[in-house]
Amino acid sequence: MNEYDIKDTIAALSTPYSKSALAIIRMSGSKALEIASKICFYANNENKNINNFEHRKSYYALIKDENNIPVDEVIVLSSLSPNTFTSEDTIEFISHGSIVVIDALMNLLIKNGARAANRGEFTYRAYINGRIGISEAEAIHDLIDSNNKLMAEASIYKMRGRLTREIDKLRENIKNSLMLVYGELDFPEDETESFSYDKLIENFEIIKKDIENILSNSKRVENLINGIKVAILGRVNAGKSSIFNMILDRERAIVSNIAGTTRDFLSENIYIENIPFYLMDTAGFHKKADNDIELEGIERAKKCAYESDIILAVFDGSDIANEDDINLIEFLNALENKNIIYILNKSDEDKKFNKEIDNANIINISTKTKDGKDKLISALKDYVSDSDMDIFNKETYVNNRERCYLENGLKQIDICIKKSLESYSLDEVAEEMNILNNILGNVSGKVDAEEVINEIFANFCIGK
């Protein structure tokens with residue numbers, strides 16, 4: 001971003017570049033009001049320029065070009081520095097969504113002194129001018145990209161500074177400890193009880209625990225917003241695809257009496273009471289595969305099981321348990337910390353399944369009559385506990401960049417603790433604490449890292 005002058009006035013289309021009812025063009029910078037006054041005329045008095053833009057006011061304006069030819073009738077919204085998104089004077093033009101009008105208006109702004117904005121440059125200016133931090137900027141991008149209600153909510157919480165406040169608390173704690181260390185260094189002769197290595201280590205442990213909580217809570221929030229992974233396993237013709245279709249309430253998977261219809265896994269997203277689930281219908285579970293394709297399908301089914309949060313183990317209740325059923329049960333018993341729901345399918349037929357499953361959560365289902373469907377949906381919902389939703393409402397998520405810094409912060413805290421335990425000189429301990437402070441500062445962008453910042457804003461769309 002440093003290749004662009006922050007003093008420039010920038011303009012960009014904020015809506016898609018296509019024919020539509022309306023289009024919004026945004027302009028920000030010190031010359032925004034001046035440029036707007038050159039091309040904006042009162043719609044009911046086209047010979048009079050609008051040159052007294054007020055804060056948070058709207059104007060019905062006629063846009064005219066340098067030859068005094070009308071371009072469009074628009075709504076002009078004016079917001080004055082510093083109370084804007086960019087903290088700069090900002091003008092927004094709401095025009096008709098003709099590509100001809102969009103091009104003409106953008107060309108007029110550029111001819112009169114504006115510059116076409118770079119990707120994410122409006123958000124970049126909000127960051128540079130202290131309006132938002134890096135974490136908030138990334139949350140704006142996440143909100144734009146969100147594909148479910150929980151993702152949008154989590155992005156808004158983060159955009160409003162939830163993570164930054166947590167990081168600020170950690171850094172404040174470090175700074176308070178540094179003050180004690182520097183006080184001891186500067187006034188060693190003063191006999192006070194304000195400093196001790198034990199007290200310093202205790203404080204490091206608190207900071208460490210807080211970072212660990214941020215990371216672990218983030219994982220739980222991420223599980224919710226990314227979709228709870230549900231793998232459907234079972235032998236061939238147990239009714240896995242029928243269960244898959246029943247949950248979706250539509251015919252997504254091909255259902256057939258021919259063994260091995262599903263060779264690879266199918267996947268779909270579904271929302272149950274606004275909670276996203278990611279369903280995976282897998283290939284039939286065999287003890288012995290007949291060919292390489294079948295073997296690959298079984299391996300992929302196992303991979304889905306390993307990566308899932310919930311496993312739906314489907315058995316044909318109208319048939320005697322066979323070698324493949326027993327093989328599946330043994331596979332499931334070997335898994336650790338898995339939430340498994342056992343389904344006896346075809347409950348509308350005579351029950352013949354004769355294998356006992358110890359301590360199992362078993363649901364009898366008929367995909368023909370839909371009997372048992374409500375119990376299955378309820379069991380899926382029960383996976384999300386009240387504590388999960390409580391954490392979602394109070395905590396936030398971290399992205400890969402933030403997680404990397406937080407994990408590095410944990411390593412740096414261990415160095416601080418080690419040197420304090422071994423009574424290193426306070427100068428050395430203070431140096432390690434400053435490194436820790438800078439690492440955490442990088443999470444919210446309070447420490448400048450130009451290359452990283454440029455990469456973040458380059459991912460934004462133009463006009464944001």
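Even glycines carry a Cβ here, placed using N, Cα and C.
Taken from Swiss-Prot, the feature (6S)-5-formyl-5,6,7,8-tetrahydrofolate binding site covers R26, E92, R131, K464. For 237-242, 256-262, 281-284, the entry in Swiss-Prot reads GTP binding site, with the evidence type sequence analysis. According to Swiss-Prot, the K(+) binding site annotation covers N237, S256, I258, T261, on the basis of sequence analysis. Residues or ranges marked as Mg(2+) binding site by Swiss-Prot: S241, T262. Look at Swiss-Prot and you will find 227-385 tagged as domain 'TrmE-type G'.
The average pLDDT for the domain 'TrmE-type G' (227-385) in the predicted structure is 82.
Put simply, S241 (Mg(2+) binding site) is 50 Å from R26 ((6S)-5-formyl-5,6,7,8-tetrahydrofolate binding site) when counted between their Cα atoms. Counting other C-beta atoms within 10 Å of each candidate's C-beta, the binding-site residues R26, K240 are led by K240.
R131 ((6S)-5-formyl-5,6,7,8-tetrahydrofolate binding site) sits 52 Å from K240 (GTP binding site), counting Cα to Cα. Neighbour counts of Cβ atoms within 10 Å were taken for the binding-site residues N237, S241; the minimum is at N237. Taking the C-alpha positions, the distance from K240 (GTP binding site) to E92 ((6S)-5-formyl-5,6,7,8-tetrahydrofolate binding site) comes to 53 Å. For the pair formed by A283 (GTP binding site) and S241 (Mg(2+) binding site), distance between Cα atoms is given as 9 Å, rounded to the nearest Å. Each residue contributes its Cα atom, and for N237 (GTP binding site) and E92 ((6S)-5-formyl-5,6,7,8-tetrahydrofolate binding site) those atoms are 60 Å apart.
The two recorded residues E92 ((6S)-5-formyl-5,6,7,8-tetrahydrofolate binding site) and S241 (Mg(2+) binding site) have their Cα atoms spaced 51 Å from each other. Reduced to three states, the DSSP call for S241 (Mg(2+) binding site) is helix.
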